[in-house]
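Presented below is the structure to which this report refers.
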Amino acid sequence: MIFDTHAHYDDEQFDGDRDELLKSMPDLGVGTIVDVSATYESCEKVLALAGKYPYVYAAIGVHPDEIGELNEDKIQHMKELCRNKKVVAVGEIGLDYYWDNESHEIQQKWFIRQLELAGEVKKPVIIHSREAAADTMYIMKNYAQGLGGVIHCYSYSREMAEEYVKMGFFIGIGGVVTFKNAKKLKDVATAIPIEKIVLETDCPYMAPEPYRGKRNQSSYIRYVAEKIAELKEMSPEEVIAVTEKNARDLYGI
């Protein structure tokens, strides 16, 4: 069944039909979802959703655009939340130089601190990196050794993807791979072994064709699987099965 390794069902775009949608997932072929926090406040929300549905798990972390709200007391509270058995990762954490909501120095400080948190609680990491390739790689090489995890919504070169795979990380691929102009990501999806790829939505964002621009949801991963299957000359069913196993290995589920 489909394993959505990165979703945001706590997002307000789902307020009108969240329960109805999540209850429908098994019938739509979705077996497992990891709901990923982006703000400090959402850490409690993703955990509540994971507690409500047996097939939903949680990741605890603060996105680089939101780290202005962090302090050490909040990190310690996040550490306590990570002890819940439904928490499978620390994330999403990283660097975002596209929006530049926070200074690069502050982003780097809290990225490193959250990598340290992952080491303390022995969880893999979910990495967000946008227009920050070199700094992300430098920090990962120096502070993320042995953690394992996924480079979410991968957007860099094939060579850098291969380097992350050598470091023990999975490459997260979502709806962008279905876009006509996504040549670089299609090259990555073709070159990286299927055993090192996991599928994701980033819902409600990043919907694949034919739903581009609309609200995304986990069952739409089928379109991502179909595109990867086409690139790798496999069946979509095989892509879904192998990436589900990969995700279980990644998160220890």
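Here the Cβ of each residue, glycine as well, is placed from N, Cα and C on the backbone.
Keep in mind that this is a model prediction, so the values were computed, not measured.
These come from TrEMBL:
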- His6, His8, Glu92, Asp202: divalent metal cation 1 binding site (BINDING)
- His128, His152: divalent metal cation 2 binding site (BINDING)
Residues near His8 (divalent metal cation 1 binding site) in space but at least six apart in sequence (CB under 8 A): Asp35, Val36, Ala38, Ser42, Asp202, Cys203, Pro204, Tyr205
Fewest Cβ neighbours within 10 Å, where candidates are the binding-site residues Glu92, Asp202: Asp202
CB-centroid shell, 8 A cutoff, divalent metal cation 1 site His6, His8, Glu92, Asp202, site residues removed: Ala7, Val36, Ala38, Ile126, His128, His152, Cys153, Glu200, Thr201, Cys203, Tyr205
Distance, His152 (divalent metal cation 2 binding site) to His6 (divalent metal cation 1 binding site) (CA atoms, angstrom): 8
Other CB atoms, at most 10 A from the CB of His152 (divalent metal cation 2 binding site): 27
Secondary structure of Glu92 (divalent metal cation 1 binding site) (DSSP, helix/strand/coil): strand
Proximal but sequence-remote residues of the same chain as His128 (divalent metal cation 2 binding site) (Cβ under 8 Å, at least 6 apart): His63, Pro64, Gly91, Glu92, Ile93, Gly94, Leu95, Asp96, His152, Cys153
Three-class DSSP secondary structure - His6 (divalent metal cation 1 binding site): strand
Surrounding CB atoms that lie within 10 Å of the CB of His6 (divalent metal cation 1 binding site), all protein chains: 28
